[in-house]
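Residues or ranges marked as transmembrane segment by TrEMBL: A:63-82, A:109-134, A:146-163, A:175-195, A:215-232, A:253-278, A:298-326, A:347-366, A:372-396, A:408-427, A:433-451.
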Number of protein chains: 2
Amino acid sequence: MFSKIRELLIGKTLKTEELEGEKLNIFWGLPILSSDAISSVAYAGEEILYVLIGVIGLMAYRYMFYAAVAVILLLILLVLSYRQTIDAYPNGGGSYIVAQDNLGIKPGLIAGASLTVDYILTVAVSICAGTAAITSAVPSLLNHKVAIALVMLIILTIGNLRGTKESSKIFGVPTYLFIVSCIVLIITGVIRHYVFGYLPAQMYSIPKQIGDITLFLFLRAFASGCTALSGVEAVSNGIPNFKEPSQKNAKAVLVLLACLVLFIFGGLSFLATIYHPVPSANVTVFAQIAQQVFGKGIMFYIIQVTTAFVLVMAANTAYAGLPLLLSLMAQDGYVPRQFSQRGKRLSFSNGIIVLAVAAGILIIVFKGDTHLLLPLYAVGVFLSFTLSQVGMFLKWTRSKEEGWKHKAVINGLGAIVTFITVILIGITKFVHGAWLVFIIIPVLVYSMGKIKNHYNKVVKQIKLSNDERPNIGIKTNNDQHVIILLGTLNKTFLKSLNCARCLSNNVVAFHVSTDPAATEKLKVKWKEYNPGIPLIIEHSAYRDIIEPLMNFIESEDRASKHGETVTVVISQFVITKWWHNLLHNQTGYFVKSMLYKNRNVAVLTVPYIIKE
Amino acid sequence: MFSKIRELLIGKTLKTEELEGEKLNIFWGLPILSSDAISSVAYAGEEILYVLIGVIGLMAYRYMFYAAVAVILLLILLVLSYRQTIDAYPNGGGSYIVAQDNLGIKPGLIAGASLTVDYILTVAVSICAGTAAITSAVPSLLNHKVAIALVMLIILTIGNLRGTKESSKIFGVPTYLFIVSCIVLIITGVIRHYVFGYLPAQMYSIPKQIGDITLFLFLRAFASGCTALSGVEAVSNGIPNFKEPSQKNAKAVLVLLACLVLFIFGGLSFLATIYHPVPSANVTVFAQIAQQVFGKGIMFYIIQVTTAFVLVMAANTAYAGLPLLLSLMAQDGYVPRQFSQRGKRLSFSNGIIVLAVAAGILIIVFKGDTHLLLPLYAVGVFLSFTLSQVGMFLKWTRSKEEGWKHKAVINGLGAIVTFITVILIGITKFVHGAWLVFIIIPVLVYSMGKIKNHYNKVVKQIKLSNDERPNIGIKTNNDQHVIILLGTLNKTFLKSLNCARCLSNNVVAFHVSTDPAATEKLKVKWKEYNPGIPLIIEHSAYRDIIEPLMNFIESEDRASKHGETVTVVISQFVITKWWHNLLHNQTGYFVKSMLYKNRNVAVLTVPYIIKE
């Protein structure tokens, strides 16, 4: 039943060989990997304005535009830097790889942990912002925003479990629609104002100026705007998702992305200086601009719908990025190995599910509020940018390959600027929530170290040298100790007995008495049936089966006499309907898990099928 | 870790022999088994008033008093009837037993299902009413009523998992305090009014009369008041909880209970005719009476606190009753057998947990609102009363023992009255929620039949006749088929191999290739190590291990050639820290559960302990 539902939702299992067909060309790669950066125009401008307007009032629009320009300059620098990274790391040049490669394991783990945190936040923030776009258009939905966000999350998760390529086709179109609507919005907004002199009344009144612009205030505004830049990492981390030539395609997508953000983010910030939107809890700044430019007509609703879609697609960027990152880290043994396995549809399904659950928790805890989530955002991504850039800088200075000086200058400059930015973000947003990230990242790095440690320990302990030879084989008298755990005398016992006697001549039945009446009945029946093996009965005052059994194994010194493994036989009902399992004691299951903790006890499970 | 937390919460494991010490005498039995009936005065009066006051306005108080008198008369009849049941059924005369004994299996199951539903509702209703008592005193808590109710539920559950006797001592005192406060309230209320002519202004205005009293309206009011009577069943069902002489003690508790309800319910209804409380969403009717009589001083708060406590104790009645009922039904095979097992502290812990979860769901779904829950209530208990009374009536007419006529008259009268009541409740409350109960009870009865069916099928299939003899024993060539499932060549394989070779001379290793590179490495290592058994390798396109393995077993016709069991050896890591399990694929676990479905495959699990 479960497998049928799964097949309906995520499609038929794919062969490993079908992997190549799931990759992206430039046309589909752009929407799926750049929607994060492009869509952030829907909230990044609002965040800048939110910081400024409460203090400097009307002046906020001018400084908002300056901050946006600063963010765009930073983006251009990042694109230049990352083009070099893509060249140098054809298998995916995520910060994790670059930092580990050039700076060592610890910096690599810090980059990996930072990115993990940021991918999860990308999903939570983008979905919440998408929900805000919907509730801006339909205010009556304001009370259901958490539910709307969770539904979006579930749809996205299912789409991604179906596999990368299909999700890009489903999800690529809205990104293009959003780009086109934004361009139309900007052009219309500029023409209506400058050509036709159109200027509608403001929707909300601008707060009074209560202070002057300070450097700290401007830097806070700039730091808030930096949330727009996490998408860059996604492209360079996602090279293996591209069709061949994957590096060239990735670089092309990166440049296209930069051009689009330049035009749209710049254009919208400019429109803000004309139309004066004011951050409000009910209608987003972006929606206010659209409403001012178009009026509350069809174009307004198109803008809101495409915004919602593209923000959900931005979350999709993280669905492409995080599972891939986790699979790389899993191969290195820093996160559970299961992250490196492809699911039924060849996507890294474990990573997708973990991402969905973590983002879902964030949405619920932060009540679907973008404002509360954003201060946590961007610390991680700029930390990883910095590590990556420093790594690239060192790479060039070490390799001294052709043209290294030029490349080192670009990455060095990138390193300095992103480092300054991470400090800025950390300081200006610390009390607003960024402190949480400064706790989570070290905890993740520590856990990754512990995990690697465990895997190392296991590998060391189970490593087999050629000198350790197997035993010669079966002994002539075949007296391997076999104990049948006996509840009541029935056919399951008979089957267990037959199994055991095929394997050994030294079989005993062991019964733990928790109910004297039942034990008496067993004794009578045993005498009657007389199976020809000894029956040992132990009383248990605490209704516990494990302890008497373990005592029996140890007291007889069965385990150690020959240094052999004692085998305990447990019969298990096999039932066709899953709910029938609720009707039977899972004693066998508990006994087994306890016995496994004893090195010298092997458990032979003999299934007995109950027919319907 | 988990076992330590459990020990801290519910105490040390008790021996089966310690069971006798956990029973109740009259003094503790009264509060623990009658708090349900006594506490219902806190909401039953309000429910009656709620039905009447919207229609007949001020006249409601007079008819409320009449309805209360009718409920009390019904209670007296029930007590007389149930005293006879206690005499006839010393081991617990719950309706389930009585109905099954005298009317047959189906009526027994209907009684059992009805009681199950009602016990769960008792917990949900009482806890919600207890929360209402608290929020009546501290209105600022109104928004947190679901959280408050759930905390109470958790505390109760833990208390009950610790065992019956301890819970009675912890919980008995508040019931007595409530009884005393109610008596003080009634006496004070009457004296202040009649002796000192005290009559404060009403707290809320009484709705205008919009209709006349009709028979249907009065019957609806009476039906709402009948929620007070579920406690009777709890006493007669709980006879085994009493100290010897348990029947005498139970009968004494029943009579004391009737006297207390008579005085308190009657007294409070009388006070209502003086002080004119009006049902409101914020302050309970009972709280209004207390506030009118005492003013909002210390006595008012004492009343509210003891009311909250006694209502939680009423929920406790169900904690004593339902697990016992489920254990009886489990012994008969109508509900999962696990309900008949005593937990670490000798309480029927599975029943307690199921009760807590079901009540918790009800509290959450109905948002902690007593009003919404009450229409579901009482249908079940009166259905079971009726079945029980009819059963008792038939018992006397069949046995014709000394004095049977007198006894038959009492039970016959009880049967008629409770039958009329169940019809009344069903009709008057159907649209308000009782329809749900009329769906749930048949579903439960149907499920119980299916469960019994399954158990019967299992018993029949595994019954061992003395003619079915075990096989003679080990064959001389000892060529039992043993297949070792091989992932990588390491020490876990060596241990598995040694185990297997102790049991058979016919051992092969089987490897499913999901990653060609890993398989190549394995081949090289295998050649080098040369363990002396054949290695079979199968490729799996769909990254699935089960199918190739099953095909291998079947294609070789290994299973059927000798009609023997094939043994598959799977090694399993045993890990000291639970979270380390997250770091390893649970492939072995999935393979095992699939293999069990094949009748002729036994699984030998060889544990390998990873040291820390």
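Don't overthink the numbers, they just go from 1 along the chain as shown.
Every residue, even glycine, has its Cβ placed from backbone N, Cα and C.
Keep in mind that TrEMBL annotations are predicted by a computer and have not been checked by a curator.
Within the chain carrying the transmembrane segment (A:408-427), a Cβ under 8 angstroms from the stretch's Cβ atoms is held by residues 74, 77-78, 80-81, 84, 219, 222-223, 226, 378-379, 382-383, 385-386, 389-390, 392-393, 396-397, 434, 438, all 6 or more beyond its ends.
Between the transmembrane segment (A:215-232) and the stretches A:63-82, A:109-134, A:175-195, A:253-278, A:298-326, the greatest number of Cβ pairs separated by less than 8 Å involves A:63-82.
The recorded stretches the transmembrane segment (A:433-451) and the transmembrane segment (A:298-326) do not share 3+ CB pairs below 8 A when only pairs 6 or more apart in sequence are counted, and are therefore not in contact. Tertiary proximity for the transmembrane segment (A:347-366) is limited to same-chain residues at least six positions away from its ends with a CB under 8 Å from its CB atoms, namely 119-121, 123-124, 127-128, 146, 149-150, 153-154, 156-157, 160-164, 315, 318-319, 322-327, 336, 338-341, 372-373.
Counting same-chain residues at least six beyond the ends of the transmembrane segment (A:372-396), those with a Cβ under 8 angstroms from any Cβ of the stretch are 43, 47, 78, 81, 84-85, 88, 93-96, 98-99, 101-103, 107-108, 110-111, 113-118, 121-122, 124-125, 128, 223-224, 226-227, 229-230, 232-233, 362, 366, 404-405, 407-408, 411-412, 414-415, 418-419, 421-422, 425-426, 429, 432-434, 436-438, 441. Among the listed stretches A:63-82, A:175-195, A:253-278, the one sharing the most Cβ pairs under 8 Å with the transmembrane segment (A:298-326) is A:175-195. Nonlocal intrachain contacts for the transmembrane segment (A:63-82), taken as residues 6+ away from its ends with a CB within less than 8 angstroms of a stretch CB, comprise 37, 44-45, 48-49, 52, 56, 93, 213, 218, 221-222, 224-226, 228-229, 232-233, 235-236, 254-255, 257-258, 261-262, 265-266, 269-270, 272-273, 385, 389, 392, 410-411, 413-414, 417-418, 421.
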